[in-house]
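Annotated features, as they stand in Swiss-Prot:
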{"type": "REGION", "residues": "1-196", "note": "region 'Disordered'"}
{"type": "COMPBIAS", "residues": "1-18", "note": "compositional bias 'Polar residues'"}
{"type": "COMPBIAS", "residues": "44-54", "note": "compositional bias 'Polar residues'"}
{"type": "COMPBIAS", "residues": "61-70", "note": "compositional bias 'Polar residues'"}
{"type": "COMPBIAS", "residues": "158-167", "note": "compositional bias 'Acidic residues'"}
{"type": "COMPBIAS", "residues": "168-181", "note": "compositional bias 'Polar residues'"}
{"type": "SITE", "residues": "W412", "note": "site 'Interaction with DNA'"}
{"type": "DOMAIN", "residues": "433-790", "note": "domain 'Topo IB-type catalytic'"}
{"type": "SITE", "residues": "K444", "note": "site 'Interaction with DNA'"}
{"type": "REGION", "residues": "490-495", "note": "region 'Interaction with DNA'"}
{"type": "SITE", "residues": "T502", "note": "site 'Interaction with DNA'"}
{"type": "SITE", "residues": "K528", "note": "site 'Interaction with DNA'"}
{"type": "SITE", "residues": "N570", "note": "site 'Interaction with DNA'"}
{"type": "SITE", "residues": "H632", "note": "site 'Interaction with DNA'"}
{"type": "SITE", "residues": "K650", "note": "site 'Interaction with DNA'"}
{"type": "ACT_SITE", "residues": "Y749", "note": "active site, O-(3'-phospho-DNA)-tyrosine intermediate"}
Amino acid sequence: MKSNPGITVIKQNASNVMEKTLKEEGQSRSNSEDSDDDKPLSHKLSSGALNGNSHHIRMGSNLSCPSPYTSPKPRIIKGPEDEMLLSSELQLNAGASNAESSDSDESKPLASELEDPSSSLNKRPLIQPKNSDPSPSKKAKLSEPSAPTNRKLKTAEQEEAAADDDPSISNRNKKSTTPASKVSDKKKRPDVSASVNKVDFSKSLKVPLVLVKGRNGQPLVHNGVIFPPLYKPHGVKMLYRENPVDLTPEQEEVATMFAVMLETEYMTKPKFRENFMSDWRKILGEKHIIQNLEDCDFTPIYEWHQREKEKKKQMSTDEKKAIKEGKDETRKEKYMWAVVDGMSREKVGNFRVGTTRVVQRSWRASKDPQVKKNVYSQIDITINIGKDAPIPEPPIPGERWKEIRHDNTVTWLAFWNDPINPKEFKYVFLAASSSLKGKVTREKYEKSRKLKDYIEGIRAAAYTKDFASKDSKKRQIAVATYLIDKLALRAGNEKDDDEADTVGCCTLKVENVETKRPNILKFDFLGKDSIRYQNEVEVEPRVFSAIEQFRSGKEGGDDLFDQLDTSKLNAHLKELMPGLTAKVFRTYNASITLDEMVRCKLLSRETKGGDVAEKVVVYQHANKEVAIICNHQRTVSKSHSAQMVRLNEKIEELKGLLKELQEDLTRVNKGKPPLKNSDGKPKRNLNLKRYKGKLLKLIQKLRKWSETRRLSVTKKIAQTNTKIEKMERDKETKEDLKTVALGTSKINYLDPRITVAWCKRHDVPIEKIFNKSLLAKFAWAMDVVLIFRF
């Protein structure tokens, strides 16, 4: 049949238009790509699929969120296109809009993005009809262990025992994963990936990228959030002007929060004490007998707290287990799992509401703190759940959730306004070990790896050429980019008056940077979490001259970069590389530093031939260099001095034992009995006259015994020397790392594949580097080949 030429032309034109449109959309997405700080999980993972051109995952029509205009159910609310991310923290974190407010992998959305004008706010009725509950045969129940799952699950108790730095995991299968075609290794190497509990990661990645309604048409199911138990008064009275004072439970709770910190350095800081009293006075009331903090004596409460701590230390394992079971572990198990796509059972990362540490942190850092309000006294929690899933019952009978959403464009399960800072929000997300989070984390490090293809061009042309630019704005952008690249500074954001006075690169004040000729810059400011950043660095002469110009004619409290903010800087960075932000720089510099250090000849020589403990020390020193670059500090613990004393005592004790063993060896070599028996008791001198008849037998026995004893003593000497060397090494490492926090960079900035590959190359069990939580978080990295380079 002959085709119509007109129709052919129309089809060809339509094809060209579609191809051009898809190309523009792809370019638009590339230009708008941002770091983990700025884009939601739904955008990063499924934007391609939603736009119809993803070759990774195909999504059916049933992935779209139900329209509020067509649904017969009044409580259905169409979710906004929120810019919300999956949190990497296991604790509930405020979603601050500033870059340095969190060290997690993601930030939180603005308040204006949370509401959709087209949404109708319908609260859940106080009593839900029974017939609204789904049939057990159709819906997966989180409280039942038989809920569908695509992997073997551990109990809550096993999952939560992940805090040790060096957990022993022995029940792992041994199976080499190193490709023979890529690496030939005669020596059998331990399989790092085999030391992780079996997680079918390849299958987990098939979980649909939207949460509310999955590929199979099954909804997201979870049980909401859990509240901490109400405060139980202990009844211990504090003193005011040496007289006992009666306090209400609420007053006592805040007083106890303060009292338990009596022996910390914060008690010497006037601002901390002022913030506490400002908060406490609001609860005490104007007419309360307590009027000033100087006359307060919290010692009785502190001593009570210390006694309680000591009691817990003295408890047996069974007693501790009984107490733990008394905290309603079954109830906790109910909240710690969510079912995604009706088949994948994922752990929820942060399902508890409220902590005392939030309040204590506000006293440390905030300009205008306030004691935490009870979120659940006025239910202020919004739940996001599948359309057909059963709505979780509010924890308080008779109450209702603030709002029920069925939003498939976001990844949070619940959120509420931060009770301390109402401008910020707290979210409940899936755990860091979930398959969705694993995919996001992997993509974060892949983005940072791409920077190595751009970095030389960025340094040579993108900012170096603008150091002496006549355009002041260009010059400020160039210098700020240089500082972010070379010093791994955070970008920084503007703060409200009631927020902590912390700064980043873009918010540096004139007083934060001093110039010392010929080209030294001295930095001194409070960074994230109010950690002080102090550093003297030598910079390029043109950078030094530019900083002097930026400081000229300004007061100490004026902005150093007065023509620059974070949004302008990030917009410029995205022009240099798609998705480039200050955090990508920071992640790149941290990972590339570790990669180069563990590959350098010096560390390779130190690692060769050593035992596992020596190799771990080599890795820790490389990790330390990264932590210093990122300014990951910690205060010296109160117990540090006591630990060093105990180590010294043990070393001296071992040296005494070594001396005795060496004396024994000398006596054995001379044919004499040792000074002590094998049981450590003094050896009795032989009376030869008394045992004259048995002398010959004794001599024969002594000769045979001497050889055995010589070998035994020699072995003990070697073992004792090894113990002394290990303790000396532990002592040196503990002293060297006392002010450095290694964990933060390991969790957020170091590509785990670098560490896993290093462990494989040097026969180091991965458990020696990653604790149980990190093993679960980085399950996706365990199959990396040992020749991996960042």
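Even glycines carry a Cβ here, placed using N, Cα and C.
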Inter-residue C-alpha distance, Y749 (active site, O-(3'-phospho-DNA)-tyrosine intermediate) and W412 (site 'Interaction with DNA') (nearest angstrom): 23
K444 (site 'Interaction with DNA') versus recorded sites W412, T502, K528, N570, K650 - nearest by Cα: N570
Cα within 10 Å of T502 (site 'Interaction with DNA') - qualifying recorded sites among W412, K528, N570, H632, K650: K528
Per-region confidence, the region 'Interaction with DNA' (490-495) (mean pLDDT, whole number): 70
Proximal but sequence-remote residues of the same chain as K650 (site 'Interaction with DNA') (Cβ under 8 Å, at least 6 apart): M727
Shortest C-alpha distance to H632 (site 'Interaction with DNA') - which of the recorded sites W412, K528, N570: K528
DSSP-derived structure type at N570 (site 'Interaction with DNA'), helix or strand or else coil: helix
Cα-Cα distance linking N570 (site 'Interaction with DNA') and K528 (site 'Interaction with DNA'), given in Å to the nearest integer: 19
Rounded Cα-Cα span from N570 (site 'Interaction with DNA') to W412 (site 'Interaction with DNA'), Å: 26
T502 (site 'Interaction with DNA'): secondary structure state under DSSP, collapsed to three categories: coil
Mapped DSSP class for K528 (site 'Interaction with DNA'), helix or strand or coil: helix
